[in-house]
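Right, one structure below, let's go through it.
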Amino acid sequence: MVVSEVDIAKADPAAASHPLLLNGDATVAQKNPGSVAENNLCSQYEEKVRPCIDLIDSLRALGVEQDLALPAIAVIGDQSSGKSSVLEALSGVALPRGSGIVTRCPLVLKLKKLVNEDKWRGKVSYQDYEIEISDASEVEKEINKAQNAIAGEGMGISHELITLEISSRDVPDLTLIDLPGITRVAVGNQPADIGYKIKTLIKKYIQRQETISLVVVPSNVDIATTEALSMAQEVDPEGDRTIGILTKPDLVDKGTEDKVVDVVRNLVFHLKKGYMIVKCRGQQEIQDQLSLSEALQREKIFFENHPYFRDLLEEGKATVPCLAEKLTSELITHICKSLPLLENQIKETHQRITEELQKYGVDIPEDENEKMFFLIDKVNAFNQDITALMQGEETVGEEDIRLFTRLRHEFHKWSTIIENNFQEGHKILSRKIQKFENQYRGRELPGFVNYRTFETIVKQQIKALEEPAVDMLHTVTDMVRLAFTDVSIKNFEEFFNLHRTAKSKIEDIRAEQEREGEKLIRLHFQMEQIVYCQDQVYRGALQKVREKELEEEKKKKSWDFGAFQSSSATDSSMEEIFQHLMAYHQEASKRISSHIPLIIQFFMLQTYGQQLQKAMLQLLQDKDTYSWLLKERSDTSDKRKFLKERLARLTQARRRLAQFPG
């Protein structure tokens, strides 16, 4: 269940219009009428707000953001826009300051409001390092140390996160991501491409639909010229997820105050989430060591007494406490909207990573006996896939075709070749029969069939099929070889020595079986030079041919033997030979069209597959080669480890989402 926006609105103490309640001033609550009701509101607020933020923070701590975008507020601004001052005012601690690039790594600022404690606690964590801080004055030093460790001690930047957690009664419940200030040109010892690098880092965050961009802009500049707002508009042209923060209102030129008011009231550059205006410590106040709490008091007095800006204070659009309330409310609403989609994304990604991890198998055992069993499993899986190919039962994708189906297609083409061969022969019989009759006729009287003429024609037509049969053998062999190689890739791809060994055996056995298959095919065609058919079979075929011709004669669609019409005796002899040829062709084509595919299947699928399976099993005989055969590609174990880490993160994320009390 996800916390609804209505629930958040009901529980939001901002509705009570007591900014100090956010900062934990219990005495003010006691003095105000209706303080009990307000305290109840605070309690409800804590029950709903903190779990939402903690959930997202815990997912970010797990590293889920490496896999999916999480709801966040990213703070961006040009250099010297007052971005650091705003974050200091919200967090109550001093952050790194100075000239040039101060924020050199994304800083995740986790603020946690303590209700019944006065003790301040802090923690800085990055990479595998973590340090607890008990004094707020130590924060700046630790952040600088973290940035130097990650990005070096120069002026470079890094995409690696630093996390600063602050728990205090004086901070709001809020998590922000502070990004480096935008710079246009490199100065001093900054890298020449520093501006491009910073913009790339910022875009990485703000282009995500899950990110609210908090754009910090000085009040004394033309808002349309600021790089930060321009970048936000580029990725969020409708301004749906952008909040504008105006700073330095005390530096606004006289006579331009009304323009600033128009900006804050969303009349100049429209943003759906609107604008806020704040006054933080100036440089002189920092040098004078003005405390942050005192700065908040001065800010309130400034807006209360300002002739133009006091209305903005009354409208809840001014001061840091109002900003804190707005940001917390926006973040919680944003999280609530994002949670259902986030849960689905985590589920889908978890499933995809699980499937991908299965392709990489399990880690290779260290123990020699375990290696043997591991290799046995691998070889057995390979052999089972080969058996499935041999039996035409392999699993294929929606767009793929089984090997046996493709072989059937080749065998069907072979039948067509045979049919076309005989049909083409029938077309030219009228010329050849007369030639053979004149060449081979012996003592027989006209009208008698010359057997040698018949035999010679049969032999020539069948002999013409020998090379197409051998061509089909080579075609099928390549198809089977590729299919077997694909099985090797599927099972052994990550083990390059095992895959290479399997490929070598696939090739060696292919060559041997192809030679044997071709030898038997050519032997078959040698046997086909013996003109033979069982008597009863041949008589039946001849009878059918004659019956068909009689039927065609009745329909006056008899064959045209134009060249032989001058002699009725010759016509009779030629018709007789033609009938015998037709009868023999029918029976021979049945024999050849089935027998040649049988030979090919036997040698190039069944025996080929069986010999390959035996050869792979023989690998198990030499224990000394186990380690060599199971040597993985250099990136395989790294990829498996990476996927396991992702899967572990996503598994924990799913568990935490399932346990979320909302």
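The chain as shown is numbered from 1 upward.
Placement of Cβ uses the backbone N, Cα and C atoms for every residue, glycine included.
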If I go by Swiss-Prot, the feature region 'G3 motif' sits on one of 142-145, 178-181, 234-237. Which? 178-181
Secondary structure content of the region 'G4 motif' (247-250), with strand meaning DSSP E or B: 2 helix, 1 strand, 1 coil
Per DSSP, Ile182 (GTP binding site) is which: helix, strand or coil? strand
State the non-local partners of the region 'Bundle signaling element (BSE)' (341-366) in its own chain: residues 6+ outside its ends, Cβ under 8 Å from one of its Cβ atoms. 64, 67-68, 70-71, 210, 373-374, 494, 630, 632, 636-637, 639-640, 643-644, 646-647, 650-651, 653-654, 657
Look up Gly77 (GTP binding site) in the DSSP assignment and report helix, strand or coil. strand
Within a 10 Å radius of its Cβ, which of these binding-site residues (Leu179, Ile182) has the fewest neighbouring Cβ atoms? Ile182
10 Å Cβ neighbour count around Pro249 (GTP binding site)? 23
CB contacts under 8 angstroms to Lys83 (GTP binding site), restricted to the same chain and 6+ apart in sequence, sorted by sequence, are Val75, Ile76, Gly77, Thr103, Asp178, Gly181, Val216, Thr247
Based on Cβ atoms within 10 Å, give me the single least packed residue among the binding-site residues Gly77, Ser80. Ser80
